[in-house]
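Below: one structure, written as structure tokens.
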Amino acid sequence: MMETNNENKEKLKLYTWDEVSKHNQKNDLWIIVDGKVYNITKWVPLHPGGEDILLLSAGRDATNLFESYHPMTDKHYSLIKQYEIGYISSYEHPKYVEKSEFYSTLKQRVRKHFQTSSQDPKVSVGVFTRMVLIYLFLFVTYYLSQFSTDRFWLNCIFAVLYGVANSLFGLHTMHDACHTAITHNPMTWKILGATFDLFAGASFYAWCHQHVIGHHLYTNVRNADPDLGQGEIDFRVVTPYQARSWYHKYQHIYAPILYGVYALKYRIQDHEIFTKKSNGAIRYSPISTIDTAIFILGKLVFIISRFILPLIYNHSFSHLICFFLISELVLGWYLAISFQVSHVVEDLQFMATPEIFDGADHPLPTTFNQDWAILQVKTTQDYAQDSVLSTFFSGGLNLQVIHHCFPTIAQDYYPQIVPILKEVCKEYNVTYHYKPTFTEAIKSHINYLYKMGNDPDYVRKPVNKND
């Protein structure tokens, strides 16, 4: 049997990541899983989860996406074997070498929880109730902020509420849709994602690349996680792999203020789908005609609804810009702070993949001798576990560790799973990072910014050194 396996392996071709990356479309779709290359083109129309998530994975190392997006079954491993065509000889991004029993144990116990409780991990009354209420809140606050009154200060208050409504829309409906965590219907995910373009004027397609392919697979990895930034000169230092400048000593003061422009920055940046065709180190897959149409329509609807219609209603241009900036700053602060208190805080782990290139200008990534799932725990912090308000207003991201280990499970179930996670962490001696309140979580973020900007013993680490 061993000889047969070796013979089969010799017959299979060896591919570089660059070769695999060219097969990234619906009619020619390859992926990498656990060092093996698969041509799953014939599986695309048959995939129960639809084609979009496969297209997102196309031409990439999808190992950890493949594992974390099928938490309730192991059938996908046997199914994919028939599409195996070769092995990978090089990697575009960090490779997580080790697979421990931690994640398999955690998945087994979570599966058992849903089986014994007869619950569907993607469906609950709360999911749809939240969705309806948030859409209603979004529409009502939009009307109030744009058309209900010409009183300046009242419009300012409504603009704040509209910013909050947009934040909740992003953290609940859009976020659930990008992770396929709401219903089992791919068309539902597509429609809900399109409403992000239409109502927020921001690209759902771009977000899925930044968040699902980038942040979730390479959490807190400098030069791979888009959320950390990648420029040599950055407005803040948050990893030990960055050069520190004199102004960073004040980053704990100015950085939280600048978080307010996060939403505006994202809306401007998402055009890179068509120009740079990458978000930092994360390549964009070729965009389809329908996704292009959604992108363009979303920008048009945004301009009409946020500028043209309010001007027709008789808002002055100066007042309109004021109301717009208020809602955008609220949205930016809300979202940015929600993300920062989970990953950019004290005691969490940061890593890097080096910007070293071979003769063909291909990056040579770091190999992480750790388990991907364990690193999700080491790079993430939870807070206010028992607070219903914190769970709602954060979109369940106060329980971020569970979300990273089980991104496809509806956020309503996170509180049920946390005790299981803590139990498994204790068994495997993995530290579970937790703060009792949101206040303590944000304090930890500010303290971390201060430390990184002011520590007199700070020495920049080489990007190929990962502790």
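Just so it is clear, glycine is given a Cβ too, placed from its N, Cα and C backbone atoms.
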Handout entry: Among ranges 80-84, 175-179, 355-359, 450-454, whichever one Swiss-Prot labels motif 'Histidine box-1'
Key = 175-179
Practice task
Among 1-6, 211-216, 283-288, 439-444, find the range that Swiss-Prot records as motif 'Histidine box-2'.
Solution key: 211-216
Handout entry: Candidate ranges 123-143, 187-207, 293-313, 317-337 - greatest C-beta contact count to the transmembrane segment (152-172) (under 8 angstroms)
Key = 317-337
Completion exercise
Same-chain residues at least 6 beyond the ends of the transmembrane segment (187-207) with CB under 8 Å of its CB atoms are 50, 52, 131, 138, 166, 169-170, 173-174, 176-178, 180, 263, 266-267, 269-270, 272-273, 279, 284, 287, 291, 294-295, 297-299, 301-303, 306
Problem - Chain residues in Cβ proximity to the motif 'Histidine box-3' (400-404) (below 8 Å; excluding those fewer than six residues from its ends, i.e. six or more beyond) - result: 216, 219, 342-343, 376-377, 380-382, 411, 414, 417-418, 421, 432-433
